[in-house]
Amino acid sequence: MTPFAAYIAPARARPQIWRLAAGLILCTLVMVLWVGALLGLVLMLTGVQAAQDWAARMPSGGSPTATLLMLFGFTGLALGPALAARVLHGRSPRTLLGPPGAATRDFIRAVAVVAAIYGLGLAVWGWGYDTLPNLDPGVWLTFLPLALVAVLIQTGAEELLFRGYIMQQLAARFASPLVWMALPALVFGALHYDPAQATASALGIVAATTVFGLIAADLTRRSGNLGAAWGLHFANNTLAILLVATQDTITGLALRVTPYGVETIGPALMLGDAAMLGVVWLVLRRVTGR
C-alpha cells in the first residue's frame with residue numbers, strides 16, 4: 001500500500017458525496033459560529049462601537065490586533081473538518097493529518113527548506129528593492145510569539161480542510177486526480193479572489209494560489225500526510241505576513257513592507273516567485289515522505 005493509499009484509507013469507510021456536502025455545510029456553520037463568538041467576546045470586553053471597528057478592520061488585517069483576530073478566526077475552519085470527520089464519516093480527526101510522526105518530520109523539513117530557499121531569494125530581491133518600515137521592532141517582537149501561533153493555526157486549518165478533509169473524501173470516491181487533486185486546488189484559489197482589486201491582479205492571485213494548492217496536494221499525495229504541505233504553507237505565510245508583507249495586503253503584523261502594492265507587481269517579480277516555489281517543490285518532493 002502506498003503512503004497516499006494509507007492516508008485516504010480511513011475515508012473509504014463512508015465516502016458518499018452527500019456526506020462530503022453535508023460536511024462542507026457543517027464546516028461553514030462552525031466557521032461562522034466561531035467568528036461570531038470571537039466578535040461577541042470583543043463586544044462584551046470593549047463595547048458596541050469598538051466591536052464594530054474591530055469587525056471593520058478584521059478582513060483587511062490593518063493593525064496587529066485585527067490581524068491576530070482574523071488569523072485566530074481560522075480556528076473555526078480547523079474545528080469544522082475535525083467535527084465532520086467524526087460525526088459524518090465515523091473516523092478520528094487525527095486521520096486528517098496522517099501518521100503524526102511522519103507529519104511532524106515532514107513539517108520540520110518543509111519549514112527548513114522554505115526558509116533556506118526563500119531566504120536566498122529574499123537576499124537576491126533585496127539587491128533591487130528596499131523594504132519599508134512597518135511595525136516598530138519592539139512592538140513586532142512583542143506580538144511575534146502569538147503571531148506565529150496564529151499563522152500556524154491559519155495555515156493548518158486551510159490544510160486540514162483542503163488537503164485533508166476534501167481531498168481525502170474525494171480520493172476515496174473518485175480515481176481521477178483531476179477530481180481529488182485539481183478540484184480542491186481550484187476552490188482554494190477561487191476563495192482568494194478579491195473583487196476590490198483590479199481584475200488582472202485579482203486573477204493573478206487566484207492563479208498563483210491555485211498552483212500553490214496543486215503543489216501542496218502533490219506533496220500530500222507523495223508523503224501520505226499533511227506535514228509537508230502544512231510546513232510549506234506555514235513558512236510561506238510567515239514570510240508574507242510577519243516578515244515582509246506586500247503593501248495593500250495583510251500588513252498588520254509585518255516588520256517590513258514592500259515598496260510596491262499588489263497591483264503594481266510586474267511579470268519579473270511574479271516569475272521570480274514562481275521560480276522559488278518551483279525549486280521548493282522539487283526539493284520537498286525528494287526530502288519528504290521518507
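Note: Cβ is positioned from N, Cα and C throughout, glycine not excepted.
Annotated features in TrEMBL:
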- 20-46: transmembrane segment (TRANSMEM)
- 66-87: transmembrane segment (TRANSMEM)
- 107-127: transmembrane segment (TRANSMEM)
- 139-162: transmembrane segment (TRANSMEM)
- 142-238: domain 'CAAX prenyl protease 2/Lysostaphin resistance protein A-like' (DOMAIN)
- 174-193: transmembrane segment (TRANSMEM)
- 199-219: transmembrane segment (TRANSMEM)
- 226-245: transmembrane segment (TRANSMEM)
- 265-284: transmembrane segment (TRANSMEM)
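Helix, strand and coil counts from DSSP across the domain 'CAAX prenyl protease 2/Lysostaphin resistance protein A-like' (142-238) read 82 helix, 0 strand, 15 coil.
Counting same-chain residues at least six beyond the ends of the transmembrane segment (199-219), those with a Cβ under 8 angstroms from any Cβ of the stretch are 110, 159, 162-163, 167, 181-182, 184-186, 188-190, 192-193, 228-229, 232-233, 236, 262-263, 265, 270, 273-274, 277, 281, 284-285, 288-289. Counting Cβ pairs under 8 Å to the transmembrane segment (265-284), the top-ranked stretch among 20-46, 107-127, 226-245 is 107-127. By the Cβ criterion (under 8 Å, sequence separation of 6 or more), the transmembrane segment (66-87) is in contact with the transmembrane segment (139-162), since 3+ such pairs are found.
Only residues 6 or more beyond the boundaries of the transmembrane segment (139-162), in the same chain, are considered here, and those with a CB under 8 A from a CB of the stretch are 27, 64, 67-68, 71-72, 74-78, 80-82, 96-97, 184-185, 187-188, 213, 216-217, 226, 229-230, 233-234, 237-238, 241-242, 253, 255.
Across the domain 'CAAX prenyl protease 2/Lysostaphin resistance protein A-like' (142-238), the model assigns an average pLDDT of 94. Within the chain, the transmembrane segment (226-245) has long-range Cβ neighbours (under 8 A, six or more residues past its boundaries) at 61, 67, 71, 96-98, 102-111, 114-115, 118, 122, 131, 134, 144, 147-148, 151-152, 154-156, 158-160, 163-164, 212, 215-217, 219-220, 251, 253-258, 280, 284, 288-289. Tertiary neighbourhood of the transmembrane segment (174-193): same-chain residues 158, 162-163, 166-167, 202-203, 205-214, 216-218, 221, selected by CB-CB distance under 8 Å and a gap of 6+ residues from either end.
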